[in-house]
Amino acid sequence: MSAQQIPNLNTLKGALRPGGRVRGGRLRDQTTSHEAGEDGEARKDKVVQQTDGDASMSRMSAVDLGYLEDPFARPFIQVGTYVRSSAIDLLIGKFLATDANKPKQIISLGAGSDTRFFRLVSQSPSLPIVYHELDFPINTAQKVAAIRRTPRLLSTIQSSLSQPEDLKISSSGDSLTSPTYNIHPLDLRVLAGDQSAPKLPELPNLSSSIPTLLLSECCLIYLSPTHADNILQTLTQRIIAPSTPVSLILYEPIRPHDSFGKVMIANLAARGIHLQTLQKYSSLFRQKTRLKNAGFVGGQGAADIDFCWERWIPDDEKERVAGLEMLDEVEEWRLLAQHYCVAWGWRNGEGSQDEDVFSRAWAGMESQRNDEGEDDG
Ligand SMILES: C[S@@+](CC[C@H](N)C(=O)[O-])C[C@H]1O[C@@H](n2cnc3c(N)ncnc32)[C@H](O)[C@@H]1O
């Protein structure tokens, strides 16, 4: 790979470089003395909630530099990175394009201020999609407020509705519902409770029977492995009917055991950020096994971001990105990119009309070989 083909991921580098600048001073600034009285759990939650600010800062810089076409990211303070967004967009695009006229559902866990719904709908307003975002109430309230004060965001949601008045915002301001786009204020750990408990939280407009894609972009990694696994079980067995085709796309760090991974963890720990599932799901192989064990038995794939750049991004797109800015330290970028992965898996629906929608959508997606020494099976 030539240096000219590398996108600028500088926004992430500082956080990962040994002895490098610790990004997100904002986090510290905001953790002021009034929080001194908060208990340890609340403090830890606050750090996790504020990771959304980091994600959106990365997204904004990718947009500002011209890598991503996402005018909707502007009203939020956040950013994602070019390759990660493109890789996930590719998987989602293939899902939406398969049986394109049939309804589909996306549930984004820990969506924060992500703007993917707005991008999708602005590209095709009549997309038959129901989109749900789940996050802590403190984050959903910020997002709903941003939508309220931004005509462009409001009108994009309305363009997806047959009746504009179907868009409703709760009096508490932390929830937004409509037949197409929904923001639900929810601590996901509520879904990790006793699997036989009769009561589940109310999630308006969520269908249990249409093909559903679950998305966790750096979200489940902040939960304990038991919580993360139980949440998936509740979603795929109780909230979505067991006969409905369901998939999961994960984007999260991997490979914590090499020297770069150790620095990455140490620097995040210095900011109070603990990636709780990283040890358990530390490799491409472990991520695929995780997906299989969680019931996504139709198929699984995984690739690190370096691989996605090399193999998934078309050459003309690489050239376009390379024209925007060069990365000064190619090897550092590659190392960084090798420590983030996209993993995907699905189950087919038994007897459902759309039974094999994910198998068809993702048949051609190139998965990466497992790390050396891992089981290739
Ligand atoms: C790093 S941000 C990622 C945001 C977004 N997915 C993106 O990629 O831009 C992690 C998000 O997960 C959310 N999150 C973490 N734990 C959560 C929980 N227990 N319940 C709800 N949301 C949670 C955080 O509040 C935050 O918005």
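Heads up, residue numbers simply count up from 1 along the chain you see.
Positions of Cβ are set from backbone N, Cα and C atoms, glycine also.
With a 10 A radius on its CB, R84 (S-adenosyl-L-methionine binding site) counts 25 other CB atoms from all the protein chains. As annotated by TrEMBL, S-adenosyl-L-methionine binding site applies to R84, G110, D187, L188, E217.
Summarising the annotation, TrEMBL assigns compositional bias 'Polar residues' to 1-11.
Taken from TrEMBL, the feature compositional bias 'Basic and acidic residues' covers 26-47.
The region 'Disordered' feature in TrEMBL is assigned to 1-55.
Checked against ligand 1, the binding-site residues R84, D187, L188 give D187, L188 as the ones with a Cβ under 6 Å from it, listed in sequence order. G110 (S-adenosyl-L-methionine binding site) has a Cβ environment of 25 other Cβ atoms inside 10 Å. Contacts of L188 (S-adenosyl-L-methionine binding site) defined by a Cβ separation under 8 A and a same-chain sequence distance of 6+ are given as L109, G110, L134, C219, L223, H227, I231, in order along the sequence. With every protein chain in view, the residue among the binding-site residues D187, E217 whose Cβ has the most Cβ partners within 10 Å turns out to be E217.
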